[in-house]
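A short worksheet on the structure shown next.
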Amino acid sequence: LPYIALILVCWSVLSQAAQTDVEERADKRRPIWIMGHMVNAIAQIDEFVNLGANSIETDVSFDDNANPEYTYHGIPCDCGRSCLKWENFNDFLKGLRSATTPGNAKYQAKLILVVFDLKTGSLYDNQANEAGKKLAKNLLKHYWNNGNNGGRAYIVLSIPDLNHYPLIKGFKDQLTQDGHPELMDKVGHDFSGNDAIGDVGNAYKKAGISGHVWQSDGITNCLLRGLDRVKQAIANRDSAKGFINKVYYWTVDKRATTRDALDAGVDGVMTNYPDVITDVLNESAYKNKFRVASYEDNPWETFKK
C-alpha cells in the first residue's frame, strides 16, 4: 500500500509540473521588462528588485583613457532622485555578479537583465573602440568571472552617440581575443540618443550587427514626451524587414504614462518606481495581455502575438 501511495504522489507531482510547463508555453501575453532607473549603488540593486524590477539600468562613466570608472550619473538627473550615488565600476560589477549568480547568498532570481548606460560623451570618437575593449575586459573579469559561473543576467550596452558604434566591435573583439566569444550570446545593443530610426539602422550596419537590438526612446521624468518615435520603433520591430527586437520607453513614473506605453506595445518600461508599473500590470485591462518577463524569456527575440 505505501508503494501505491508513493506512485500516486509521484504521478501527481509530475502531472502538475507538465501542466505548468504547458501553461507557460501557452501563455500568449507579452513579457515586460520593468527596468529600475539609475541603479548606481550596490544597495540599490535589492531596493529596486524588491519594488518589482526584473531589470536595472546603470550609468557608466569613463576616464580620459576610456577606462570605465564609476557607476555615476551626476547632476542634473530625474526629478525626485538623488543624482550622486556611485560605486567604482568594478566593485559594482562584483555586487551585480552576487545578485545574479544562483546559489549566492545575495542572489535575486528576478533580476534578469542589466542596461549599461554608457556615458561616452566624455570620449573622443576615436576612443570608442578602445572603450569597448576595456569594458569587455572589466565585465569578463568582474562580472562573468572569466567565464566560470559568473553572473547570468543579460546585458544591454546602451550607447548615446551613433558615431560611437565602434565600441560594439571593440567589445566583441576583446571577448573573442580573451577566448569567450560565446558570452556575446548574453549581450544586446541600444542607441539611446533618440535619433531617426533609419539612422540607427545605418549605425548597426556599420557595426556589423544584426539581432540582439533593443531600441530606447524617452526623456527625463521632469519633461513630457509623446509616443510618436516609440510607435515608429514598434512599427520597425513588427515589420518583416525591421532590425529592432525590443522597444523600451523611459522614464515612466506615472500610471497614465505606463498605460499609454503598454497600449502602444512596448516591451520594456524604465522607471524610478517599479511598484507603479507592477500595479498597472495587475489591472484588469492589462493582466491578460502582459506579464512580467522571466529568465526563460529571450530578450533578443521579437515577441509574436
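Just so it is clear, glycine is given a Cβ too, placed from its N, Cα and C backbone atoms.
These come from Swiss-Prot:
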{"type": "SIGNAL", "residues": "1-17", "note": "signal peptide"}
{"type": "ACT_SITE", "residues": "His37", "note": "active site"}
{"type": "BINDING", "residues": "Glu57, Asp59, Asp117", "note": "Mg(2+) binding site"}
{"type": "ACT_SITE", "residues": "His73", "note": "active site, nucleophile"}
{"type": "DISULFID", "residues": "Cys77-Cys83", "note": "disulfide bond"}
{"type": "DISULFID", "residues": "Cys79-Cys222", "note": "disulfide bond"}
{"type": "CARBOHYD", "residues": "Asn282", "note": "N-linked glycosylation site"}
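Taking the features listed in Swiss-Prot, we show where each one sits on the structure.
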| residue | record | Cβ neighbours (10 Å) |
| --- | --- | --- |
| His37 | active site | 29 |
| Glu57 | Mg(2+) binding site | 28 |
| Asp59 | Mg(2+) binding site | 23 |
| His73 | active site, nucleophile | 24 |
| Cys77 | disulfide bond | 21 |
| Cys79 | disulfide bond | 12 |
| Cys83 | disulfide bond | 15 |
| Asp117 | Mg(2+) binding site | 25 |
| Cys222 | disulfide bond | 11 |
| Asn282 | N-linked glycosylation site | 11 |
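A coil conformation is recorded for the residue listed as 'active site, nucleophile' in the three-state DSSP classification, outside any helix or strand. A strand conformation is recorded for Asp117 (Mg(2+) binding site) in the three-state DSSP classification. Proximity note: of the listed recorded positions (His37, Glu57, Asp59, His73, Cys222), His73 have a CA within 10 Å of the CA of Cys83 (disulfide bond), given in sequence order.
With Cys79 (disulfide bond) as the anchor, the candidate recorded positions are His37, Glu57, Asp117, and the one with the nearest CA is His37. Among the recorded positions His37, His73, Cys77, Cys222, Asn282, the ones whose Cα sits within 10 Å of the Cα of Asp59 (Mg(2+) binding site) are His37, His73. Report note: the Mg(2+) site is defined by Glu57, Asp59, Asp117, and the residues of the same chain whose CB lies within 8 Å of the CB centroid of those residues, excluding them, are His37, Met38, Val39, Asn40, Thr58, Val60, His73, Val115, Phe116, Lys119, Ser158. For the pair His73 (active site, nucleophile) and Cys222 (disulfide bond), the C-alpha distance works out to 16 angstrom.
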